[in-house]
Structures are given as structure tokens and as C-alpha cells.
């Protein structure tokens, strides 16, 4: 064994004289306990072997560093909402116009079939798995203006009248909130600055906090879709301002008047609104506030104006609601230009039953699941209600198009009634 090692060492010495590279090599023999150390000079063709050994040495140095990296998370664990960017639809158009421009931007109706984004959540709990909310990042995140609110305590009747009887079923409870005082009449003239857009827990649409520029008095109104902080709105229910009348030369020009007053968020009498305009917060009488189209995403269309007066000496304006019903209202009734805010509210999903309870809505129990003393469908063995037609808890037919309105007392304000399904399933 020793002779073989000596022969090998002599060969290495001879090769090293030709190339001139040195390396200390340690060989360990299993046949003999002795260890032989050889000072060898390697040729240049063995440099590749050295390069192959270098990564192993570097990996041993980097092993503690890699161990610390594996203990740390690759990214911070967050539960941010996942919002997908909507596909731009041709029907949705945005118009940005300064307040100082001479003409108003055209009204835009939000198409419910167009693409839009909803906010979804990571399902950490079952209650947020199916939760979907509209994206309203522009809303005010603070508390409301306290002088325009009052406590709900004592005002939540739970669906009962003054005698304590339940007149509206499935109402009661709800979260502790403060009721916002909203101005539906808007009799105060002059420009009002929009300070912020807020969420109102008592309604589906958003509300806007206005600041009157003349006196600094604040008020709440139902915000229109697209209204933002910094906008200037005005009410013309008290009449045409003198400066506006002077700018038209003292003569009222309907075209110029509509171009300077029919702006988004402005409140006007219906006779000042041009036909075909989209309005919300529509009133019914001269001295009353808005009673129609106050929910989220609702609007009406002004379709015609009567020139002839009625028996009472009053002219009317025809408006078409979203249900297809055509009503006539007083020409002096109020209306606001635009569409009620939060139009994607109809696509929201609450995700759990508890959120229904927060909204003052109690569970609805089927009559089949009740006892015989509580409902005509209750009782019996099994889950069958028997060979009886569906009725209400008081025995009135509930389906099949049973009519309850009196023929001798029609609604004279309805010109064209809305399309009814007649007890059949509506076509989607």
C-alpha cells in the first residue's frame, strides 16, 4: 500500500513541475490506520474539480442564513379584500365638468347589466364567505354631524301602531343607531357646498352634508350618484334668482334656463325640468317634500307636461317610474336631477342571518312549520299543508292574483298602472 502511494506521489510531482499549481491533499486509507499526507501539485485540467467543490463550501456557509429565512414568513399575512377590476362597459360614461362651466353634464343612468366590481372577503369565518358589498371608498369614515341626528331610543316601534298591535310583521331589534334628519323639501335657496358623503344606516342611499355658503347652516340631503365633496348644488324651489334672470336679459329662455339649472344634485320644480330628464326625490304636491324615488339607485323620467288646467286650476307633469307606472304630479312639486346614490346596493349579499337582525329585520317563519292555532297551514302529520289553497295567516288568498283593491275607489293620480304578474312568476 505504501509503495502504491509513493508511486502515485512521484507521478504527481512530475506533473506539477510542468504546470506549477499546488494543493495539499489528505488521503485516508481504510486498510491501514495510518494517514498519509501528500503535498501534490495538480495540473491545470484539474481546476474544474476545484470549481465543482466550491459550491459545496458556499452552501455550508449560507446554511444558517437559509435557516433563518425559512423561519420568517415569505410575506406578511394580511386579510385584505380582493377586488377584481371590472371590464369597461360602453354604456357607462363619466362626465367631469367644472362648476363654472355654462352647460350641465348629461344625466347618466347606471346600467344594472353592465360590469362592475363588488368587494369580497377572505372566508376566515363562515359569515364572510358569501359576503358581498359595493365599493364605496369615498364615504366619510367619521361620525355624523351630531346636531342633525337624534337617538333611535323610543322611536323603534317594532312594527306596532299606537295601540301596541303588530301592523308590520318581521320588524324589531336592530343595531343601536342615531337617526339622521334629512331635508326632503329643500326650500332654502342659494348655493350649498357638499362637505362630505356619508353612509346612513337608516336608508339604502347615501346622504350628503351640505353647508350653505351665505349663513354656514348645515343640512343633510339624499346624495345623487356621482356627487362628491366639493360640489356645489342649489335649490330653485323659491324661484329663479335675480342674477340668473338678468343674465338672460330679463326674459326666461327655457333652453338657457335648463342648461344653467338642470345640474346633478339641484332641486327644481318639475315645470322647470326639461322633458326626458332623469330625476329622483320626486314630490307629489306643491308644499310637500319628496315621496318617490328615494331609495338607492332609483329614478324617474319626466315624459310630458300638461298645458290644460284641471278643475282645480292646477297643471300636472307626467313622470314614469322604474316599475313602468306613469303618475301625474303637480307642476310645482320638487324633483332632484340625477339618480339616487349607491346603485349597486341591489347586488349586495349579507352573508349571514345576523346582519339581517342588525337591520331591524326579524326571521320569517313558514306557516307550514307553525301549529294549527297559529296558521291555517299549520298542524298535521308530516310536512303537507293539505289540499288547501295558499292563504295568509288570516285566511285571505295569498296567491293566484287575488285582488284586494276596491274598484269604486281608484287612484286618480295613476295614469298607467304598473305591469302586474297576476299571481304568476315574473320573467327574469
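Along the chain as shown, the residues are counted starting at 1.
Each Cβ is built from the backbone N, Cα and C atoms, and glycine gets one as well.
Copied over from TrEMBL:
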DOMAIN    159-235  domain 'Large ribosomal subunit protein uL2 RNA-binding'
DOMAIN    262-397  domain 'Large ribosomal subunit protein uL2 C-terminal'
REGION    1-24  region 'Disordered'
REGION    151-175  region 'Disordered'
REGION    375-428  region 'Disordered'
Which residues of the same chain, at least 6 past either end of the region 'Disordered' (151-175), have a Cβ under 8 Å from a Cβ in it? 201, 357-364
Over the domain 'Large ribosomal subunit protein uL2 C-terminal' (262-397), what does the predicted model average in pLDDT? 93
DSSP residue counts for the domain 'Large ribosomal subunit protein uL2 C-terminal' (262-397), split into helix, strand and coil: 17 helix, 36 strand, 83 coil
DSSP assigns the residues of the domain 'Large ribosomal subunit protein uL2 RNA-binding' (159-235) as 0 helix, 32 strand, 45 coil
